[in-house]
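Here the structure comes first, spelled out in structure tokens, and everything after it is commentary.
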Amino acid sequence: MVAGSPKTSKKTLPDLSYEDRIEGVVFGVDEVGRGPLAGPVMAGAVYLHREHIPEGINDSKKLTARRRHLLSDMLHNQADYATGMADVHEIDRINIRQASLLAMKRAVEALIQKIGREPDCILVDGRDIPDWPWPSLPIIKGDSLSLSIAAASIVAKVERDEIMVKASQEYPGYGWEHNMGYPTKEHREAIQRLKPTKFHRRSFSPIRQFYENVD
């Protein structure tokens, strides 16, 4: 683990304070989709190039869908990134925490393969670090502090949303095209009315309770 962290501030946007303390190649990693009742958990890994950093990068949750798509397109052209996913079956088998870490590891491995070198440090959103050999620094609320992590949250969110919108066409009625699988009132009521799909997480309470009541 890499020691040390910049002092906290009242800044409104993430910056390179953490990245500037580290020499060499720095990846930012974040995941999205821990809370939904349906769909995969997705992680992004981003290597920003200092001379080409899009303006306006922020925690994906603080951006509109339109802004996220715009920034994702810009990152596609101006940075190196990759995504990793753990599907519903993996979530149910190993639990959502472990599945999130697995998705992060897959994203990092994909980015290493893409750029042809390993990172000197990985900045990870949250408290947990996946089981990998690279020096890492966990940062609580990292997607609001580190540009690299914020960028990772954007690419992961955009890709996961696209998966959910596509899935909503196969399984209409659950509102996935706008709730992205999260437990909204509409989604919960649809589960009771239409029954869960193979895209739902059976280990999550509302889905598990549905099958317990059926049995």
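Think of each number as a place in line: the chain as shown, counted from 1.
For all residues, glycine too, the Cβ spot is worked out from N, Cα and C.
Annotation source Swiss-Prot lists domain 'RNase H type-2' at 24-215, citing sequence analysis. Summarising the annotation, Swiss-Prot assigns divalent metal cation binding site to D30, E31, D125.
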For the binding-site residues D30, E31, D125, which one has the sparsest Cβ surroundings, going by other Cβ atoms within 10 Å? D125
Given the model, what does the mean pLDDT over the domain 'RNase H type-2' (24-215) come out as? 97
Compute the centroid of the Cβ atoms of D30, E31, D125, then list the same-chain residues not in that set whose Cβ lies within 8 Å of it, in sequence order, for the divalent metal cation site. V29, V32, A43, G44, S100, M104, V124, G126, G142, D143, I149, A152, S153, A156
